[in-house]
Amino acid sequence: MKYNEIMVRYGELSTKGKNRRDFIRQLGKNIRNVLVGFDGIEVKAQRDRLHVILNGQDAQPILDALSKVFGIETFSPVVKLSKDASLKEIQEAALQMISEQYQSGNTFKISTNRQNKNYPLNTYGIDDGVGSYILDKIDGIDVEMKRPDINLRIDVRLTGIYLSSKTISGSLGLPVGTGGRATMMLSGGIDSPVAAYMAMKRGVKIDMIHFYSPPYTSEQALAKAKDLTAKLTAFSGTLDFIQVPFTKIQEEIKEKVPEGYLMTIQRRMMLRLAVAITIERHCNGVFTGESLGQVASQTLESMRAINDVTTMPVLRPLLSLDKTEIIKIARDIDTYDLSIMPFEDCCTIFTPPSPKTKPDLEKTRKYEKNIDIEGLMQEALDGIKISKINVDDNYLNSQEDVFAELL
Ligand code: ATP
Ligand code: MG
């Protein structure tokens, strides 16, 4: 079936009264952004739905891209006929559509909605005219009003007659950009990309912050974090990736802080830096991939000792998810395979064998005085590099190419 357009129905935003117009505008922008690689596509946002006009493009890759955009409840590929198409034309289009989906024993229903009152046939006339044609042409098919296998909708509008028979579930959530801005502490692990996805689902536009520690961590570890970011652009469009050098801080902490407190104090430094970047970028929160009870640094006592450095909201969308639930989402959003690639990130390397699971706040503050917090922070902030990451970027592979050339 050659579809002409895709009809997109809004999700949660339809309940948001006065912000509605901004939401629709943002959703339209986000859809244009993810479809930028397809020539000739037009996106028309209306009050109650949005139309993606295909202008000859194949529908399938565009349906795939739309399934990742937040703020969409459902969407349907649509055939558009002229506003005064004859019953015969409607019947033919309907037959082709249903035949493509029909499997032996399936039932169907025609649901006509007529907004164009000037159209010569009324709702019943169209339902009946098309329904009896289908019964006549497809052997063994039956009508079923309550739970049909195939529900063919016919929308008779002033702009044209629209036929659709598939309703595909969207990602729900809110359009990215309508929920404010925050930063995301992104490691190379399984959890933080999932947390980033969940932040975006609530409409938050995020900037990625990644701490790296060369030469203890490899170029690949950095490339992996960038590739994870590239995967996440499918849900948000281009993302800013901020890489923060962390080597000096880790070395200094390792030298000057008792082993049981290494991890807590490293995390405090990370959070301080993340907050400084968050403020500088006019963002209003820091997201992390922490989940309560998962590892030593993720007990309530530990979170309190780390959170002590700031009043900025630290948001933890995975807080009460189990690892298996997190892994399931990671697979769904296609970050899992990358996350489990074995490049050590900066925390693993400096993690002592037995970090304190219940760090004492007073002791944490005391031991931290052994290091030059301000000086180390300034040096790290001076060494920041920021890059823009796009949908098709691929950092690990491009490195393999470099290696291949060297060999
Ligand atoms: P993840 O799977 O996200 O790496 P984790 O289970 O390894 O998480 P931790 O190592 O305790 O847990 O890290 C907790 C959180 O701290 C991470 O989810 C991430 O938000 C942040 N974080 C850890 N390492 C880094 C890093 N190198 N750069 C940026 N953020 C980091
Ligand atoms: Mg990790």
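The backbone N, Cα and C atoms fix where each Cβ goes, and this holds for glycine too.
The domain 'THUMP' annotation in TrEMBL covers 60-167.
Taken from TrEMBL, the feature ATP binding site applies to MET185, LEU186, HIS210, PHE211, ARG267, GLY289, GLN298. Non-local neighbourhood of LEU186 (ATP binding site): SER192, PRO193, ALA196, MET208, ILE209, HIS210, ALA225, LEU228, THR229, GLY289, each in the same chain, at least six residues away, with C-beta under 8 Å from its C-beta.
If you average pLDDT over the domain 'THUMP' (60-167) in this model, you get 95.
With DSSP states grouped into helix (H, G, I), strand (E, B) and coil, the domain 'THUMP' (60-167) comes out at 37 helix, 33 strand, 38 coil.
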